[in-house]
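Since the structure comes first, as structure tokens, the remarks are kept for the end.
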């Protein structure tokens, strides 16, 4: 103890020099919200693979049908049911079906149609869902009460029933199918947008904007909608694989597009008839369908984690 | 609790009424009549048939009659199958579908709960990674693709199980298995998430601290709490199973309701479509109602919070 006391010289008690400037320097480059989202997204391997697969399938859907000399409805009765594994000259990379139509062309063309239907359905979902949810959440009170009662009834109606009934009623085509799928899908979107709006209404920046005299239109477009973007994008990402599934499902039970039109569902349905003899006719479209749904699910999961880390499960 | 049940019950009735009305007017606004293509029917006979099915009455009268019959469980007669009672036909097809659905549900829930629990307990292990992959695949790969795989490999290539028909338990294995994948995927994911959440709770530490052994803590305190939220997905799962059954019954040639429904769609048997639609809706709305009530019973917080909040 005594020894230590000697070693303590008074200069040890001089106040240290504090560089007040140093506290102000930013150690790391500042990340904007979207840069942060991108960083989190790119770290998620599954999501990136999903995105790449979607881009690849999307590109194949556009360019695939043009890669060989056939088109999707051209029949060739000298080349029926050619398996891609038979060594026959020609460019039927995925083989042909029972009418001699080239399955490579039909698969990619069909994937394109399936994607198109899913995108139209997602766009309708987005429009109706966001508008309905925003109105309900923003105005609140009586309006909200009534709009929510309607939603509660609609939620109870099984979408399977609505989609099937609508398609018996409408003529099957790309737009009617998308419409039928979207008519049951927007409810989910509306609920999420409404919940976000309600939550946001009580926050300070909204109050601040209102105090500064922002009108309803400005409030909605400049302050609230940009802030619901995250959950909306996430919901949309799960709407798309759902729509792809329903299109295939409808094709399977005979309410989808009519051959010679092709979509993944139609192709799988046609393939089933001969599954036990020519399994490749089901294999290719079913693989593309599964990959597509898998990719969108992975992408959706990745985006959810990236856009809203709190929601991470 | 009583008010909660009554409120859900009222919603259920309104929902069913909306579906019934929608179905009725959609079906009656279809162009043409079901007899249109049958030119050979003499006019007197046609008149008689229309009279017999009540198609000559004004639409509102038909509507009221339809609703009245519906309440009594009478779904009318089939157009295609010589006026057989639709209710009777549904009751013939229902047992097969119900068996498939139940088997898929029970198997799926058992496997799902087991996988989910083990994954949560051994985070990052091969079981966890494996079941994550499985659940992602289960979400993404539609049941009909699985059904095709199963029926081709297990049925045709290996020849182990029958791929078509109905009757013995062996017939039901492949279709139930194809249906159960989605159940496994969703339950695994849900139980894992909830279990992880529960494992981090203070009462788990307390239970350990007061000297309970690991097994008791995990099963009595952990799993029981983790399973409560999992009840909520039983409703959507029932819907998914029904959707899947339409296709799976078609693939495996099972004379169930799903098969009947698709058949009635393909043959434009309008009264049958209406009947099965109503039956399906009733089943789904009822199952969601039961799940709601069940959840209210298990977790009292649910019925105390009003939907306005």
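Backbone N, Cα and C atoms are what each Cβ position is placed from, and that goes for glycine too.
Because the structure is a prediction, the values reported are computed rather than measured.
The feature domain 'ABC transmembrane type-1' is assigned by TrEMBL to A:111-300. Per TrEMBL, the feature transmembrane segment maps to A:47-67, A:108-138, A:150-168, A:174-193, A:228-257, A:277-303.
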Cβ under 8 Å to the transmembrane segment (A:150-168), counting only same-chain residues 6 or more beyond its ends: which ones?
136, 176-177, 179-181, 183-185, 187, 190-191, 246, 250, 253, 255
Report, as numbers and ranges, every residue of the chain located at least six residues beyond the transmembrane segment (A:174-193) whose Cβ falls under 8 Å of a Cβ in that stretch; write 'none' if there are none.
113, 116-118, 120-122, 124-126, 128-130, 132-134, 136-137, 151, 154-155, 157, 159, 162-163, 166-167, 228, 231-232, 235-236, 239, 242-243, 246-247, 250, 256-257
Distal contacts, the transmembrane segment (A:108-138) - CB-CB under 8 A, six or more residues away:
57-58, 60-62, 64-65, 72, 144, 147-148, 151, 174-175, 177-179, 181-183, 185-198, 201, 216, 219-220, 224-225, 228, 232, 235-236, 239-241, 243-244, 247-248, 257, 261-267, 285, 288-289, 292
Do any residues, 6 or more residues outside the transmembrane segment (A:228-257), come within under 8 Å Cβ-to-Cβ of it, and if so which ones?
113-115, 117-119, 121-122, 125-126, 129-130, 134, 159, 163-164, 167-168, 172-174, 177-178, 181-182, 185, 188-189, 192-193, 196-197, 200, 263-269, 272, 289, 292-293, 296-297, 299-300, 303-304, 307-308, 311
